[in-house]
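The domain 'Amino acid transporter transmembrane' annotation in TrEMBL covers 2-375. Residues or ranges marked as transmembrane segment by TrEMBL: 20-43, 76-95, 115-132, 144-166, 178-198, 210-233, 253-281, 293-312, 318-339, 359-379.
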Amino acid sequence: LQGIFVLGLPYALLHSGYSGLLLIVLAAALCCYSGKILIACLYEENEDGQLIRVRDTYEDIANACCKKVSPSLGGVVVNVTQVVELIMTCILYLVASGNLLSHSFPYVPVTEKTWSVIAFVTLLPCIFIRTLKIVSKLSQLCSLVHFVIIFVVITYCLTQLHQWSWAKFRLSLEFEDFLVSVGVIIFSYTSQIFLPTLEGNMKNPGEFRCMLNWTHFFACILKTTFALTAFLTWGEKTKEVITDNLPSFLETLVNLCLLTKALLSYPLPFFAATEIVYSCVSKDNHSNYRSPLLALTVRGSFLLLTLLMAMFTPHFALLMGLSGSVTGAAMTFLLPSLFHLKLKWKKLSFLEKCADISVFILGFLCSLAGIVCSIKGLLEVFG
């Protein structure tokens, strides 16, 4: 999903102009901050003033915040939100795979949905993924493919250096187009769902904040460079997905790389979603949780669900935008800031409280804007 959003950044600059460059930097800072405060909610000080990890998951944080109302209400809400977002992400990968295959092989008499089924077949081994180690190796390959895509596009843009002109940047903005750009830019950084598990599996969790700083810094540099060079190359002709601007031979190459990236990206949200379900089942019946048959059944059901929704859900992109505006903003900005304020209120400085409140307000506005734009699009489609 990260790759798909990144390929839309030049188009976002087309509609946001100079403010888009500022937004890329600001979004990196905000998402890095919300990730830090989310992880901070996993820890509490002991009698000696040392930080001890007393919670393991996003669900544990939510339950700690809502324990006076209901011991498990917060966890249920968070788990449902996470699973919905993860499943929608998996479906998006399947839809994108079918689209990329149909564009890469336009002369093959096969429909886009059939291509999605073919892509689905290659994902069947996901049923047998049992550890995060396998997922991490696939994610490493995914990152490598991602850099290849960025390198190819930037290299081509540099060959067109003579066409560049800063006059292509817009100063006047249309509010609705600007909101779309905000959504694309902000949600190209989101990863909060995976952070508690990631931090818990680090050899040295004390390096987490440093890791988060450097990864967001380099992501910001890379995305700014990519978006800027691509937009300066094509200007007003910049298309929604920048690969459509490339010459045909490069477009096919990049589309196949994107297909590889989409298929390699699928296991991470798929594994995360099934693990959430397993953790819920294990609380009620620990023996069944370890049952290989149950594991295969849950994974197989999730795989089949993503295929069926990719095949038969009309206007999935608009529905993805609607659900993403709710779940994405909630998991990235709204909940981390609320939980941090709730659990750490007495220990936070005035500036830290202001920062958390500002992140919450920004997340709420982004969510509201995305919901309005998505509903408007759905109303237009359905007449």
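Each Cβ is built from the backbone N, Cα and C atoms, and glycine gets one as well.
If you look at the transmembrane segment (293-312) against the transmembrane segment (115-132), you find at least three C-beta pairs under 8 angstroms, all six or more positions apart, and that counts as contact. The stretches the transmembrane segment (76-95) and the transmembrane segment (253-281) are in mutual contact, each linked to the other by at least three Cβ pairs under 8 Å (pairs 6 or more apart in sequence).
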